[in-house]
Each structure stands twice: as C-alpha cells, then as structure tokens.
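Trainee: What Swiss-Prot shows for this protein is this:
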type	residues	note
ACT_SITE	775	active site, proton acceptor
BINDING	656, 657, 658, 659, 660, 661, 662, 663, 664, 679	ATP binding site
COILED	393-429	coiled coil
COMPBIAS	1-12	compositional bias 'Polar residues'
DOMAIN	650-904	domain 'Protein kinase'
REGION	1-21	region 'Disordered'
C-alpha cells in the first residue's frame, strides 16, 4: 500500500491533459447537490410512508403489530404496512399506490455511480485517470485488447488508500497482492488482471476494490468495467443498475466505432434507457497538436452515434443552452472539454430528482384532494342527516293523519260502495256459487242426501266464496282513495328513507317496510269472519238458523238450486253498514299498528345514525385538524423541491412591503417569469406551517383566473436568515400597486366601479371552487398598470368543509358571525360590502363609527351590536342600498354575488353615462 491518509485530489496527471481540479470541483458540487436533495426526498418519502401507515392504523379495525408484539408496525417490501385493508368508509381510498411507492423507494435507495465503459481497457483506464486527475491505472501496457484480462475495478472513498480483492456484495478475499509488497504510484498491472489459470474461482470472479482519500470519491463511486472477454458490458450495467444509478461514460480512442462497439452499444440501448457520455480520450498526437476538429464539423463518430440513436442533431445545443432540458447522450471529442461531464451528470441527476419529486407530489396532491372532497361529504352528511330524519318523521305523520281521515270519513261512502258492489255482483256471485265445486265433500250424483257435517262444510265454502269476492271488489275500489298520496309525498319520503338506511344494515330496512304497511293498509282490507267481529256474529247466527232447520227437517239434496238458495240467503243477511264499520275499524287498527311500529323503527334508525354521525364528526375533525394539514405540508415540501430543482432558489430584491406573517420582496426573474414578487414566510409554529401548506395547495390547485394573482411556485429556504430559521418563499405575479395605494393616489369613478366588479368576479370564482377567502380588504386587492383588480393573499382562504370556525380576518371587514365560529362564504359578501364603502367614498379614511373605537375588542363588540359605516353625502342611493344589503347582520339576507354583479354593472352604466353627460348627482369623482 502507498500514501495512507494522503489526499489524491491535489495531484495532477503527469504531462499535459484535460483533467484537473476545476472539473473535479464541478463534479463534486453536482454530486454533492444531488445527495443533498436526495436526502430531502428520502425524508419526505419516509414521512409520507409513515403518514399512510398512521392512516391505516387509525382507521382499521385493528392495528398491525410486529411479530414480537412490539410497537413498530411490520413493513412490506416497499415500506408499506402489511396490514388488513381499511374498512369500507370515507377514507378507505387513501393509500400509497404500490407502483409509485416502489418507484420512489428505488430512487432514494440507488445512489449514483460513475460507470466507465469503452472501446478497450486502455481507453477506460485513461479516462479514470483523467477523472481523478491522478495516474492511478497503467495505460501504456494495456494496449492489446486480445491479451487484456482487466477485472472489474471499483473506486470508493476512504481515509486510507487500500487495494483488495472482494466478491461483489459479499466479502473481501485474503490474498497478497503486488501492491501490498512495495510502494507504488500506479496500481501494478498483475493486480488488475484476472488470473484465469487460477484454481481459486473466487479470485477469478472478484473485483479489485480501491479506496482513496479523494474529493470526487467522497461524493460518488467509480466503477471501471472489465474487459469484453471477461464480461459483456450489458451484464455489468445490469448488475450495477440493481443497486445504483449509473452515470455511464464511454471512453473512445479511435476515430470510428468498430463492429463490436456498435453491437455493444445497440445491446445497451435495447435493454436500458440511460443516456451515455461519450468521450474521446486524448492520444499523444492530439495532446501535441494545437488544432482540433471544429465543433460544427460532423465527425464519423458523431454520425455513427446518430445512426445508433444515441445522438440527435440538437443534442449539442440542448446541452449548451438549456440546463432544464432532459438528459441526453453527449459526444465530446475535444479532450479539453471533459468538464462537460459535469453538465451531463447534472442533467441526468436533476431529471431523476425532478421526476421523483413530481411523482411524490402527485401522490400528495391526489390524496389531499380526496381528503378535501371527503370533508365536504362528511360535512354534508352531518348537516343533512338530522334534517332527513326530521323530514321523515314529519311526512310520515302527515301520511298517517291523511289515511286516518280517509278511514273516518269514508265509512258512509264505503257502505254505499258495498251495497252497490253487492247489487252489481249478485247474479255473478249466485252463478259462481251454483257452479261451485266443493272441496273435501263428496256429493252423491244420484241426488241422495248428505249428513249435517257435509252440509255445514258446503255452507262455509259458499260463504268463503262470497266473502273473498266481496273482499277483492271492496279493496280494489278503496285503492283509488289513497293513490293520490303516493303522488303527493310518499315517493319523496321513500327516497329519503332509502338514503338514511344506506348507511345502516342493508338486511334490516324495517322502517321502509312499516312505511309500506301504512300506505298499503287499504290494499289489504280483509272482510273475514274472525272471532269477535260483528260480521262474524251476524253470519254465524244465520248459519245456526240454517243448521236448526236442517235438524228438524229432512236433510236437503245438494243441487244447483240449493247452492243458489244458500248463497242468496247469505247475501241477503249481510249488513252493508256493519261491513263498512268493520272494514274501517280494521283499517284504523292496521294503520295505528304500522304507525307505532314506524315511529319505534325511526327512533332506532335515529339512534344508529347518532352514533355514526358522532364518529363521522370525529373523523371530520381529524381530517381538518390532522390528516389534511400534515399531508399538505409534505405536499408543499415535495413541490418546493421540484421548483428549486428546476428553477433554483430565487434572488431577493428590494423589500416591497411587510405583512403580519411575512415580507414581500422584488424578484426580477424566476422560472421564466419576470418581474415577480416574492413573499417570504417564516412559520412560527406547526399550526402556521400547516395553514401555509394548505393555502399553497389551494392556490396551486386553482385554475388560472384573470381576477386572481398567479402563484408561480415555492421554494423552502432551509438557511433563511443565515441558517437561523426555515422560510417558505412564495413566488407570485408582480402587480403595480394595491387598492389602498390606488385610492390614496386617487382613482376615477369608472375605474373604482370596474375594480368593484373585478373583485366580485374574483370572489365568485373562489366560491365556485368551494373556497372562502375570509380576508377581503383593500391591501389584498392588487391593481395592474391598467387599474384592473386581482385578489391576492389566500392565507385565510379555505374550503367551507375545512373551516374550523377560527376567528380570522381584518377587524373592520369581519362579519359578526365570524365571532361565533359558525359561518359560510357569505362572510366574503359582508367584507365586500365594507370594501365597496371605501370604493364609493374614493378615500382610505376609516368610517367614523370604526375610527371612534379605541381597541380591536371595542370594534368587534360594536360590529356584533350592529355598528356599520355611515352613509356619506357622495353616495348614490342604489350604491348605499347595495352596501347595506351586503353587510346585513343576518347572513341569509345578504345577496348572492351572482345578484350583486349585474347590479354593479347597471350602477356603472348609469353613473358613468350620467357622469359623461352632466355632473353626477351622487358619487363624485375623487381625482
């Protein structure tokens, strides 16, 4: 061994050559930058995986545990929890997609490694020496490719220079090498070669591992591929790609590729998509020559590589001019341009990081959108379910009372209906009775008499025939009395019940069954002869009389005439009034029974929903307070990583202003946008971090709109203020001034009314996206050079379903209900009303009622009591009425912005037209 602890990065290759400290420093910076950002990506991925594990654990029936029963969850192959799937419910779709997780895990696990391939081993060794700026490998003897037996070489960082043989990924071999025997500057050739006649298979397969105290090796390992005869390049690359991100270099020393070279490159391109850095190593003649090939000339090598698909006609321009373009293969034939390897590696590594950051942010954004949508669904469920239950109870009562009224008032009608039915059906009933075939009674064909028991059975069967036919006829006519109920409100009631029962056990829809029983009571009237009914007593008296007559006279012969006579006597003995009374009584009994059962079932359903809603509210709170903010912060970090990789950290210009939570700076150019405004925010605690992250997500999720300030991107500065804090830099569209400054300078009436229209349009757009701004005020309305307005600062902007009821905003623009914690998007209408007061006044002076308040608390108390800005003499009547409507204390009475907008247009048309024709009687021009 030689030079223990000595740094090699300061030495140079003896003789002239392209290698040197400048190139090494650039490569070190590039690979060091990659490792730094890869560490942030790895940390974000780790926290994302933990987030999804926590979601599964908190919303599964049982949490997964380690086999030993410890606290750590058991991880699957991609870092996911090997747990049971989430139960069906609101958050069951929240999970890390397996393919994305596997891809990202591979990205963060595979560190970069420079792989040196080449036309022959001499060229590969020469390129390695140039990269390290040290002649560590011999290059003069390895000139015969046929006799070359170079084994795979691996150069890594170490505090001491060491050379050893090791099986890849296994163990080091204890062998004495030539480099161990004496001091050396160049590794002895016999250590580099494979001794094929050796009986030790491990020694034949082993790599030569070299550790060196070198700046470049501290950032990236270097692997030199073995000679072609020992192992094909595609196999070497395949092994390396399993554990590393290969930065492939290909050393050339001839003016053209051989047939074997082309075949090798075709195989690499067939199986891998990595770009390749082709470099022509300098020969002695090239080094001595002061002239080289001009860049514009196309060399034979360039033509061959273009034919193979490695190069395109624009590859040089892309590499030279656009640092953000995707990595492409590159050919460098001028030895002094080896430092372009740093550009090539930068683009390769950056492409890798940007793709990973995009994939991770896509997962974050998708799941965050699901959270927000689920929050809306849960909020709606919490609001609508109690109303549905109350509606169901009310409508069922109406249905019950309507049917009961029918039963009470229809008795006389039913009596007439029964008489009419009997008269209509009499002949038909008599014929049916005469032709009736008795069951279980043998009637002699020769006219012989039968016994008393058979007579009783025949009479009973005739009676049942008459009653069943009558029952069917009466029921059919009674149906028409309740059909209108189905059309009026039963359909709505049934749909309401179905929606309530969806979340309950689908096998027990007893509430709907009882509702059907209530409605169908009329369909199932039974004119039967059960014991205890007046109809039963009446008909049994008639039967007794017949039986008594049969007892004292000769038993009758069962003939057609006898059957008609029995049927006639049964019909004549029926009392229509008693039947009607019996039917109505039966109807009421069934109705009462079903009504009571329905009420009991509804109470049971309500109790079930009460427990479910309690769990839903807990979950809704968890989504708003924990899950969504936590995921939003991860999303902010992944998106900021993507932005800083693509566009670098922005440069702060002069300070433009300060707000409650940050400072706004001028930023001349960033990401192709100029000029920009940069808002630096230093969140003081976790809550502000979460709020900022959610704000960023809402802003980035919004489609571009001409009435909203564009957000170009974000960067997290981990060294803000000299490293004392972490700041989020939000890069936005820069406008001319804010409305406060504009009113102070003076704006014409037409301009001010146009600004009001622009603000309404912007707020309407936010509301259409489900967002509430909550802080509409003069300083949050920015003006461009044409004095068109755009809304900015969505710091308090949230979807209604994500609002926790916190008191936010600027005191004089805050609606009274904000202090109760229960509010909706009408708070923006209130704030616009106050803003419109300033717009109509044409000045920035506070309303007198607010100016007299000594403190915020005093102001808030006055607003709660109904204090509003005063009417100024310059106000137009219609403008004043619009202001008053907007700041009404009752949120439900405030106009919708869709109504405000046309009113503003008509005001503008009227006042500005009047102003152009004659002096205005209302609003004065403040310019």
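Yeah, the Cβs are placed from backbone N, Cα and C, and that goes for glycine too.
Could you place these features in context, so I can see how deep they sit and what lies close by?
Mentor: The secondary structure of residue 775 (active site, proton acceptor), as reduced to three states from DSSP, is coil rather than helix or strand.
In the three-state DSSP scheme, residue 662 (ATP binding site) is classed as strand.
Across the residues of the domain 'Protein kinase' (650-904), the predicted structure has a mean pLDDT of 89.
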Trainee: Write down the Cα-Cα distance for residue 660 (ATP binding site) and residue 775 (active site, proton acceptor), rounded and given in Å.
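Mentor: The Cα atom of residue 775 (active site, proton acceptor) is 13 Å away from the Cα atom of residue 660 (ATP binding site).
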Trainee: Taking every protein chain in this structure into account, which of the binding-site residues 656, 664 has the most other Cβ atoms within 10 Å of its Cβ?
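Mentor: Most Cβ neighbours within 10 Å: 664.
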Trainee: Any idea what DSSP makes of residue 656 (ATP binding site), helix, strand or coil?
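Mentor: Looking at the DSSP assignment, residue 656 (ATP binding site) belongs to a strand.
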